[in-house]
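As given in TrEMBL:
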- 12-30: transmembrane segment (TRANSMEM)
- 42-59: transmembrane segment (TRANSMEM)
- 65-87: transmembrane segment (TRANSMEM)
- 149-168: transmembrane segment (TRANSMEM)
- 174-195: transmembrane segment (TRANSMEM)
Amino acid sequence: MDGNLTLHLANFSTLFVCMVLKFPQVFVLMRARATAGVSLNSLLLELLGFIVFMSYQVYYDYPPLTYLEYPILIAQDVIVLLLILHYNRHMKHSLIYAALFVGGWQLLTVQKWVIDLAMSLCTFISAGSKLAQLQCLWRSKDSGQVSALTWALATYTCLARIFTTVITTGDTQVLIRFVVMSILNMWVTVTVIYYKPHAVKQD
């Protein structure tokens, strides 16, 4: 009973956190009306990884509570993407991205081997997303418009999903993905905090 209660708490806390996970990033972008430090490539890879991962879970009829947050995360990523394109004056690219993602989403479940191959690459795609954000931060040495809270919340959700995956499906590919994502999310969080501009004291 205690184990079931812990599992339900992990599932619902993850779902709750994911409902607001990107809000801090959205608010930062809207307030600044700029995208300094935020990597577009990172966001696109993250969105692709989310789509592949959710499609894999649905295809194999995994318990909905183990992936219910992904439609919410995808919707929030789309909002962040539109904000980035808007503030960078590249809104015309939104239709191209929409066509590519929707078309790719449909192709994923055409054959079993396609979704299996995509899932085997999912960890690399998602890891590439985090590394792209790290590279952007290292290059600019400025995390001005990157929300540390969003990345910290993402770290929590991945750690919680390690627990729920072990208890429910035990899927090795899924487990490896969450372990890698937890480590990289923590790394990005620390880097964002490190490069946050600090006010210079005046004598």
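Glycine is treated like the rest: Cβ placed from N, Cα and C.
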CB contact flag for the transmembrane segment (65-87) and the transmembrane segment (174-195), at least three pairs under 8 A: no
Chain residues in Cβ proximity to the transmembrane segment (174-195) (below 8 Å; excluding those fewer than six residues from its ends, i.e. six or more beyond): 37, 53, 122-123, 126-127, 130-131, 133-134, 137-138, 140-143, 146-148, 151-152, 154-155, 158-159, 161-162, 165-166
Intrachain neighbours beyond the transmembrane segment (42-59), with Cβ under 8 angstroms and 6 or more residues off its ends: 66-67, 70-71, 73-74, 77-78, 80-81, 84, 97, 101, 104-105, 108-109, 112, 115, 118-119, 121-122, 125-126, 128-130, 132-133, 136, 174, 177
